[in-house]
Amino acid sequence: MDTPARLNDLQRTTLAIVLAGGRGTRLGPLTNKRVKPAVHFGGKYRIIDFALSNCLNSGIRRIAVVTQYKAHSLLRHLQRGWSFLRGEFGEFIDLWPAQQRVEGAHWYRGTADAVFQNLDIIRSIRPKYVVVLAGDHIYKMDYTRMIADHAESGADCTVGCIEVPRMDAVAFGVMHVDENRRVTGFVEKPADPPAIPGRPDTALASMGIYVFSADYLYSLLEENISSVDTDHDFGKDILPRVVTQGTAIAHPFSMSCVSSDPNVEPYWRDVGTIDAYWAANLDLASTIPTLDLYDRSWPIWTYQEQLPPAKFVRDMKGLQGSGNNLIVCGGCVISGSQISRSVLSSNVKVSSFCNINEAVLLPQVTVGASCRLQKVVIDRGCAIPDGTVIGEDPVSDAERFYRTDDGVVLVTPEALRQMPK
């Protein structure tokens with residue numbers, strides 16, 4: 001029975017490890033300067049804020065963030081915005097950058113190796129359960145419910161899972177489960193994903209969320225590190241090993257998702273491509289978004305820079321700036337332009353006579369006068385020249401910028417510098 005005392009005990013004996021060192025290559029130029037979990041999202045957040053907020057809201061106060069690739073932006077964000085836990089009470093958010101801590105002097109070679117190289121630190125914390133999380137997904141989830149499910153089942157490992165369209169499952173680990181939720185098969189990113197029996201168009205995908213009994217995890221990692229034929233990866237190596245030698249159960253996301261509307265389908269997004277990133281941002285600008293950022297019972301925490309309020313002003317000719325289905329953050333100024341279904345991050349300036357639709361503008365973007373922007377992601381610090389048109393001519397867009405097959409255009413400062421004057 002999940003009494004308050006038992007849930008509190010589960011929270012106090014759990015260590016959460018957030019994996020935040022991946023390159024995020026599918027996001028193209030957006031991750032040339034920063035790791036994927038540090039990418040801005042939803043106007044004022046970073047992607048990693050969702051996993052960290054889930055930890056805090058779930059009552060988990062012992063958290064480690066594993067970093068490696070281009071981590072400066074991420075480390076600065078965590079130091080400025082996530083340093084409020086009290087070490088006196090045994091609470092912490094520790095940063096575990098790659099340090100070549102083990103014999104052999106190599107950097108993190110995979111997700112499992114990243115945890116293994118910090119095994120001495122983990123053992124010193126003495127957790128009973130270890131939650132391993134990907135730091136690059138957008139969702140709200142009560143991890144304590146999943147930990148309680150793990151403890152009650154007696155499994156060695158519990159895997160968070162969600163149903164996805166079968167053809168989308170090529171980007172995930174895919175599971176087979178029996179009627180008791182026991183995982184009987186696991187394959188990482190298959191070219192031809194297996195379907196759920198009786199449902200040929202749907203697959204059961206891993207969410208990249210694992211709960212391990214700590215001692216069992218230690219033995220798995222020590223066994224894996226001595227193996228020759230391994231990628232040192234949880235999805236490719238550790239989970240298949242658990243399925244064959246131990247007990248793994250599947251934990252459906254619906255059992256622990258957090259939603260202000262129980263009738264809405266559970267919201268979980270992998271924003272690993274420009275198209276997915278753009279679409280997930282615009283989801284938030286809809287009239288009633290599936291992901292409720294205004295739920296005060298499950299807040300998403302982040303670093304709060306001190307900025308003046310956003311404002312819409314008339315231009316010198318008296319034209320009023322306006323917008324609808326629009327997220328606007330602090331420090332933004334919109335002068336005599338029309339903006340719809342878009343997300344404007346902090347300190348964005350839009351000059352007069354612009355028409356902007358379905359756009360995601362990251363912080364400190366400046367848009368010159370008389371611009372037309374459609375279906376774009378504008379990277380941090382871009383200065384769009386007066387009269388620029390993006391999103392109307394696919395050929396011109398592809399010549400100047402990074403354009404996806406679905407027509408989303410990513411604009412970066414580097415691309416703007418290469419444009420003819």
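Every residue, even glycine, has its Cβ placed from backbone N, Cα and C.
Worth saying up front: this structure is predicted, and the values here are computed from it rather than measured.
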- Tyr108, Glu188, Lys189, Ser206 bind alpha-D-glucose 1-phosphate in Swiss-Prot, but which of Gly90, Gly173 does that record place at the same site? Gly173
- Message: Taking 10 A as the limit, how many CB atoms besides its own sit near the CB of Lys189 (alpha-D-glucose 1-phosphate binding site)?
- Response: 13
- What does DSSP say about Lys189 (alpha-D-glucose 1-phosphate binding site): helix, strand or coil? coil
- Item | Reduced DSSP assignment, Tyr108 (alpha-D-glucose 1-phosphate binding site) | coil
- Query: Can you name the residues of this chain that are 6 or more positions from Gly173 (alpha-D-glucose 1-phosphate binding site) yet have a C-beta less than 8 Å from its C-beta?
  - Reply: Phe186, Val187, Glu188, Lys189, Ala205, Ser206, Gly208, Gly235, Leu239
